[in-house]
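> Below is one structure. I have some questions about it.
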């Protein structure tokens, strides 16, 4: 019984992975119009970073550098997510000159979840709700003074947030 | 010889017990007020730290980590869109110019705590969901599905206007009302489905415990929070949806929404939560 | 048709705290429907908040952000009664925007 269900999930996972790739290829073809306001802000959507599967590749595509751990970042997240579909996560930092804050889930099929640009005058603190496929490390990256810092926390997921 | 004596004694004893049985049954007469008191005492004894009104928040009152996630969600709750849709639907007139407000006491505002009620003309329990569909049909509109978003939105709005009001279910002096109550109670405690669970197995015996990944909600106050946005459903659910999915989850065959059994169940379950505030619409894992 | 964007912006005189909830499926492209067919990706990619003609916050999102997404941040300044403009664009090119008064 268990073997059957394991096999089922394995096959299903494989199918999902294949479909993900197909979907991403699809994405590239969709005409993407940038509204005036966004164009004016000169902030392009980091399409490449959102295509990367692993955390390392996503960080490289997004920032082009590696992060060092910092205890000046506070990552606030539950120990056990009530449901992987809606995991409330917030980050705040005492680091100076913060220009962006990003969230990554290492076990998600696409690691990068959200990246926030923090213009001068905006506080370096963000709360959002994210999906988690399963128990995973969640990484928050903070770009401050041109350098990249990180904090990590493991969140247990008992009900996955990616459907099925 | 000794053996025969022993048997005789045993028979006599058994007969004695039988003779006592009618007395025991007398103590079992339908007494909703006593049921309610015992029901509520069971929960406050089991969870001495919780106030009565905390029970309407279900599993969030039973687990600190969950409670924090809930507080965060409540800052901008996921049922907000449904609530607004419900408000809009509620005020929009039917094709004949009438509105939902025309079907309800006090224009439908702040009345959630009085549902379900026992209709003495009809001799049956009338739930809010049923009353809403009857209102639609009486005004020439097609009824909504009892388990889908439109019904959830309407009841979300009606619950919202009643938040904080105490559940106030009346059992009129009518034997049929008492019978409906009793049938609802029996349904609640009857085991069914392949798992052989009753409603009580999960929601009386095990609230606060995990069943697989989920933390079970207490039966006390469980309907006060309806309808609910469940993260598991990524959407809203009505009381009807809650009942039918419960039956499927115990590998039973769900009844049709608003069948007499469910109406009676809602009557019983709401009555024993009298005195607890309406908190709907709610958010649940 | 009501706006897909709900915003609450409150000023304490010094900073303005902003919370937004947006109605959007945020389909990741990794989930199948009841028939076993993949639900194609459909998610908001960029969300901007503008105050006084300047972007005060910009979100880049992937399909890993929850359905009906929520975000909270705060910026220095912002007066009660002033307007905050919020707009999003998704991967299919659909957009929506709204203006909220700071409370």
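Yeah, the Cβs are placed from backbone N, Cα and C, and that goes for glycine too.
Model, not experiment: these values are computed from the prediction.
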> Given that TrEMBL annotates B:199, B:202, B:203 as heme c 2-binding, name the residue from B:135, B:246 that shares the site.
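Heme c 2 site check in TrEMBL: besides B:199, B:202, B:203, the record includes B:246 out of B:135, B:246.
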> Between residue B:103 (heme c 1 binding site) and residue B:202 (heme c 2 binding site), what is the CA-CA distance rounded to a whole number of Å?
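The separation of the Cα atoms works out to 36 Å.
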> Given the recorded heme c 2 site (B:199, B:202, B:203, B:246), which additional residues of the same chain have their Cβ within 8 Å of the Cβ centre, ordered by sequence?
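Apart from the listed residues, the neighbours are B:197, B:198, B:200, B:201, B:216, B:219, B:250.
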> To the nearest whole angstrom, state the Cα distance for the pair residue B:203 (heme c 2 binding site) and residue B:242 (substrate binding site).
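Their Cα atoms are separated by 13 Å.
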> Tell me the residue counts in helix, strand and coil for the domain 'Cytochrome c' (B:179-285), as DSSP assigns them.
39 helix, 16 strand, 52 coil
> Tell me which of the binding-site residues B:199, B:202, B:242, B:246 ends up closest to residue B:135 (heme c 1 binding site) in space, Cα to Cα.
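Going through B:199, B:202, B:242, B:246 one by one, the closest to residue B:135 (heme c 1 binding site) is B:242.
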